[in-house]
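Data block below; observations after.
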Amino acid sequence: MGTQHRIKVDVPDRVLYTVGSCVLVIGSIGITGNLLVLYAFYSNKRLRTPANYFIMNLAASDFLMSATQAPICFLNSMHTEWILGDIGCNFYVFCGALFGITSMMTLLAISVDRYCVITKPLQSIKRSSKKRSCIIIAFVWLYSLGWSVCPLFGWSSYIPEGLMISCTWDYVSYSPANRSYTMMLCCFVFFIPLIIIFHCYLFMFLAIRSTGRNVQKLGSTYNRKSNVSQSVKSEWKLAKIAFVAIVVFVLSWSPYACVTLIAWAGYAKTLNPYSKSVPAVIAKASAIYNPIIYAIIHPRYRRTIRSAVPCLRFLIRISPSDLSTSSVNESSFRASMSSRHSFAARNKSSCVSSISAAETTWSDMELEPVEAARKKQQPHRSRSFSKQAEEETGLLLKTQSCNVLTGEKVAVSSISLHDPFERSFGENAPELLLRPSCLRTSSLPFGLNSSSTEENADTSDMEVQEQHQMEASSH
């Protein structure tokens, strides 16, 4: 770090005091707000979902950003120059770069997660887990760490900037190392993630619009219309919250990115101390926006904070609708996937509907002994068809033999039941439902067990013997 960077800037001291005071206020709000976000998501178990782990990570990085940047900047502004030397400058910029890049990459992870949940719900159900979220978060931190330590090992360097009360990487010097680092950092930390984020939200919007149209078309056929609509609204509501946070973050860092690109293009002399320091302050103020966004939009977060911090009740208000009903964005991103699953596989849903209809037909066509016993054993029709089939298969295993007359009745019953099932399900029906053994099981009288069969067999043998005796006596 050269001595030319330690020259005191020729600006009034009151300007430095004002900037330092603003930074301190911003940092205090960021520390308090993000601590409240972390407390809300930690204390409320319903908020601790795999998707919300990314929000907690974002709050953690914003908290650390405010805690490390604001006090140091305020201290130097009170002395009207940088007083912490090279080590303090390296620490200041390293922390700012690490936590700032982590916030950007976390927003990217949130966007990709929302994209997968809304456009590929079936795959997201299988992949969703807290362990997976933690692995992604660990990768985000390692990625940010890699970019932050590069200037410490010679690829660019950390120097004081602007009003000389803060530090940044050297984007002013026109050296190959500084220019390459500045361009790579802007591309892989800002512009490329930004393109991916807007790509995700574009396709999310198209998927939501397409799903809404399909729900309207299928509303007369499916009684799950309200569930699917609620699921779609829930997913889109949560995606909009993340989108607002992303837009605010991008707007905060865009001026700083523009300043670095101007210097990278060779026009560093056109930048004055104010044009260098003010964008940096705006960028680091992005740490305070997320708590405000969640306090305004997220009802469960508001309720948690109100109950934990009574003194904030006059600032955080809850509408009657939030108190009476659960908001659409309270549920987990994955909790509503069951209705999304049924809608995404609507061809299979029609088969499930056919199962329900066929189940009613089956109960109407059963023999009276079976129907009477079934009413005792199955008080509710809400049990799954597969469970009923298992019970009926167990009944079939108890049956070992039957007489000719009963066998004919069973055969007739199975034939009469096979036709409506085949018409209802078609070729795509589950194999279990078309299995003749399952159909015959439902038609077997409960008295047709092994003991009754043996009694019938003994009675038949006695009748045959008596008939032979009568024939012998007549002869």
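Each residue, glycine too, has its Cβ placed from N, Cα and C.
Since the structure is predicted, the reported quantities are computational estimates derived from the model, not experimental observations.
The topological domain 'Extracellular' feature in Swiss-Prot is assigned to 1-21 (among others).
Distant neighbours of the topological domain 'Extracellular' (75-90): 1, 6, 8-9, 13, 16-17, 19-21, 23, 152, 158-160, 163-167; these residues of the same chain sit at least 6 beyond its ends, with a Cβ under 8 Å from one of its Cβ atoms. For 75-90 (among others), the entry in Swiss-Prot reads topological domain 'Extracellular'.
According to Swiss-Prot, the feature disulfide bond maps to C89-C167, an assignment based on sequence analysis.
Taken from Swiss-Prot, the feature topological domain 'Extracellular' covers 156-187 (among others). If one looks beyond the topological domain 'Extracellular' (156-187) by at least 6 residues along the same chain, the residues whose Cβ comes under 8 Å of a Cβ in the stretch are 1-2, 5-9, 11, 15-16, 19-20, 69, 72-73, 76-77, 80-82, 89-90, 92-94, 96-97, 147, 150, 257, 259-261, 263-264, 266, 268, 271, 273-278, 280.
DSSP gives N178 (N-linked glycosylation site) a helix state. Residues annotated as N-linked glycosylation site in Swiss-Prot, with sequence analysis given as evidence: N178.
Taken from Swiss-Prot, the feature topological domain 'Extracellular' applies to 262-276 (among others), supported by sequence analysis. Long-range contacts of the topological domain 'Extracellular' (262-276) within the same chain: residues 9, 11, 161-164, 171-172, 174, 179, 182-183, 186, each at least 6 residues beyond the stretch ends and with a Cβ under 8 Å from a Cβ of the stretch.
Among the features that Swiss-Prot reports, region 'Disordered' is placed at 370-390 (among others).
What Swiss-Prot records for 445-475 (among others) is region 'Disordered'.
According to Swiss-Prot, the compositional bias 'Basic and acidic residues' annotation covers 465-475.
Counted within 10 Å of its Cβ, the other Cβ atoms near C89 (disulfide bond) come to 23, all protein chains included. Separating the Cα atoms of C167 (disulfide bond) and N178 (N-linked glycosylation site) is a whole-number distance of 15 Å. Comparing N178 (N-linked glycosylation site) with C89 (disulfide bond), their Cα atoms are 17 Å apart once rounded. For the recorded positions shown (C167, N178), fewest C-beta neighbours within 10 angstroms: N178. Counting residues per DSSP class in helix, strand and coil order gives 10 helix, 0 strand, 5 coil for the topological domain 'Extracellular' (262-276).
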